[in-house]
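Participant: OK, Swiss-Prot features for this one:
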BINDING   H206, H208, D219  Zn(2+) binding site
DOMAIN    135-257  domain 'MPN'
REGION    1-28  region 'Disordered'
MOTIF     206-219  motif 'JAMM motif'
Amino acid sequence: MLSPCPALPPAECRDSTDLPADPPGRVLPLHRLKRRPRGWRPERPRERLLERGPAALTDDELIALLLGTGKPGHDVFATARVLVTQFKSLHGLLEATADDFEAHPGIGPARSARLVAVTEIARRMLKEKAHEKQPIDSPGAVEDYLRLKIGARPYEVFAAVYLDARHRLIDMEEITRGSLTRMAVYPREIVRRAMVHNAAALIVAHNHPSGAVQPSAEDRRLTRVLHDALALVDVRLLDHVVIGISDTFSFARAGWL
């Protein structure tokens, strides 16, 4: 039979109750956080998030919170670490599909659906933010969106961002895809698409799956040809952005446009 703590006031006696033990690898449920003992310090990710905010958590821990609990034989934190390592970055995770997630033995359809839903929310939020922005005068205004869309692709993608006369976003679309070493880009097709969108200005971008962002001689030649072709139809090429894994290169910032 349990007895009260006779040497302590009732409130302190109640506060001295230990939190129930949690199995290893399981994120603590919210209802377990309602009563905390005096001197308690947050250790688990959810506890630290509630105490200090999401910035206090690592990427692995944020992913672990999304997963919730581990599958039998698969620790949730180990699964989160493997995901971040496998996809190399959070941008890589945002590009992953449900099949990519379910290829990991620690993730089933339910957890895969949860991850895909969160990444799609992030993608839509960035798109909304880009549409709500003030006129765009630099590549930095759409850089995050471009990195999210094409930065983690294992193949090269050439994309165009169409802007109106006030440099507000009209649309963004992929023009072409290619191999790791070769991609065919036709300036006349980009000019045609700019006219279809009734664009007054354009930002083009392509990714380097290798991670290096230094433009090649062919990148510079293509940019000059595209600049001149767009000028013939009164469309201004504002920038050409090269996107790596964690860095970008702007032709405009380098003074090449």
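A Cβ is built for glycine as well, from the same backbone N, Cα and C atoms used for every other residue.
Remember, it's a predicted structure, so these values are computed and weren't measured experimentally.
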Participant: DSSP three-state call for D219 (Zn(2+) binding site): helix, strand or coil?
Facilitator: helix
Participant: Tell me the residue counts in helix, strand and coil for the domain 'MPN' (135-257), as DSSP assigns them.
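Facilitator: Looking at the domain 'MPN' (135-257) with DSSP, the answer is 36 helix, 36 strand, 51 coil.
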Participant: On a simple 10 Å Cβ count over all chains shown, which one of the binding-site residues H206, H208 is most densely packed?
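Facilitator: Sorting the candidates by Cβ neighbours within 10 Å, the top entry is H206.
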Participant: Would you list the other residues of this chain near Zn(2+) - those whose C-beta lies within 8 angstroms of the C-beta centroid of H206, H208, D219 - in sequence order?
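Facilitator: So the extra residues in range turn out to be E156, F158, N207, V213, P215, S216, V242, I243.
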Participant: Give me the count of other Cβ atoms within 10 A of the Cβ belonging to D219 (Zn(2+) binding site).
Facilitator: 17
